[in-house]
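Here is what Swiss-Prot records for this protein:
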type	residues	note
BINDING	Asn13, Leu15, Gly39, Glu59, Asp87, Asn108	S-adenosyl-L-methionine binding site
Amino acid sequence: MEEYRSKKRFGQNFLQDSHFLHKIIQSIPDIPIQCIEIGVGLGDLTQELLKIESLIAYEVDLDLCSLLNKKFSNQIQSGRLNIIYKDILNLPSQQAWLHTHEYKVVSNLPYYIATHIILRLLRDRFCRAFLVMTQKEVAQKFCATTGQKEFCALSVLVESFGKAKMLFEVPKEAFSPMPKVTSSVFVIHKYSQQNQIEDSFLCDLESFLKIAFYAPRKTLFKNLSQVFDKKLLEEVFENENIKSNARAHEVKTKSFHHILQFLKKRNDNGKQTLTRTTKQRPS
């Protein structure tokens with residue numbers, strides 16, 4: 001492959017260590033659906049994926065696309081590989097985002113857009129599972145469980161859609177150019193379609209979690225009482241057996257759902273509003 005200089009604006013750090021490439025391949029969700037790679041890079045992971053999967057690959061760098069089309073010309077001609085030159089963040093997500101049928105994703109995500117992409121994969125009902133590599137600290141947030149200090153709004157959103165599992169770390173020395181941080185690979189398997197949360201509830205949940213985790217060192221009750229009526233909170237906390245001094249990271253995902261449902265129900269009765277009360281919402 002022709003010599004290529006990485007571009008900082010695309011957050012390009014290419015994984016080229018064969019040991020970790022093989023570990024990723026061995027960890028891919030075993031689901032017989034279309035496999036999609038986000039960010040092809042120099043094609044090292046792509047080459048390994050093509051040994052076991054037909055592949056749709058999205059790449060935002062036109063210079064790389066030209067090089068990759070030459071490198072994988074045989075696989076492209078045979079229909080085993082389809083390289084799409086697109087910025088996926090600019091693709092509409094009202095219906096299908098990356099594919100019109102069920103799919104799974106394998107990707108070494110650029111650090112600066114990793115969270116955004118993962119959240120869109122969670123929302124896309126055609127995406128059934130994904131294995132991604134991100135900065136270690138980001139991976140810890142997505143994979144954290146109740147009681148862990150890393151447990152946050154992102155953790156709750158993941159548990160609302162499926163189950164996350166941390167797999168392994170990848171040292172910065174495995175990349176070229178070498179990043180300043182350690183990376184981690186994790187996988188998320190999403191629940192079946194009938195167990196997916198409704199879009200309208202998801203929108204409210206995201207707003208609600210911003211309030212719940214607004215000040216992590218304060219109690220959940222204190223954070224929520226900046227927006228919601230204290231008597232209603234006392235009632236729902238008692239229903240959920242949540243102590244008044246509990247912090248948000250100590251509360252289970254199901255309880256967040258139940259609290260929100262309770263407040264939404266009262267809102268429907270005209271007694272409470274989710275996004276605005278006589279008190280100002282934290283900014």
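Heads up, the Cβ atoms here are built off N, Cα and C, so glycines get one too.
Mapped onto this structure are the features recorded in Swiss-Prot.
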residue	record	contacts (Cβ under 8 Å, 6+ apart)
Leu15	S-adenosyl-L-methionine binding site	Leu21, Gly41, Asp44, Leu45, Asn108, Met133, Val170, Ala174, Phe175
Gly39	S-adenosyl-L-methionine binding site	Tyr58, Glu59, Val60, Ser107, Asn108, Leu109, Pro110
Asp87	S-adenosyl-L-methionine binding site	Val60
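Take the CB of Asn108 (S-adenosyl-L-methionine binding site) and look out to 10 A: across all protein chains shown you find 27 other CB atoms. Among Asn13, Leu15, Gly39, Glu59, Asp87, Asn108, the residues given in the record as binding S-adenosyl-L-methionine, the maximal Cα to Cα distance rounds to 20 Å. The DSSP secondary structure for Asp87 (S-adenosyl-L-methionine binding site) is coil. Packing around Glu59 (S-adenosyl-L-methionine binding site) is summarised by its Cβ count: 25 other Cβ atoms lie within 10 angstroms of its Cβ, all protein chains included.
Packing around Asn13 (S-adenosyl-L-methionine binding site) is summarised by its Cβ count: 23 other Cβ atoms lie within 10 angstroms of its Cβ, all protein chains included.
According to its DSSP assignment, Leu15 (S-adenosyl-L-methionine binding site) is in a strand.
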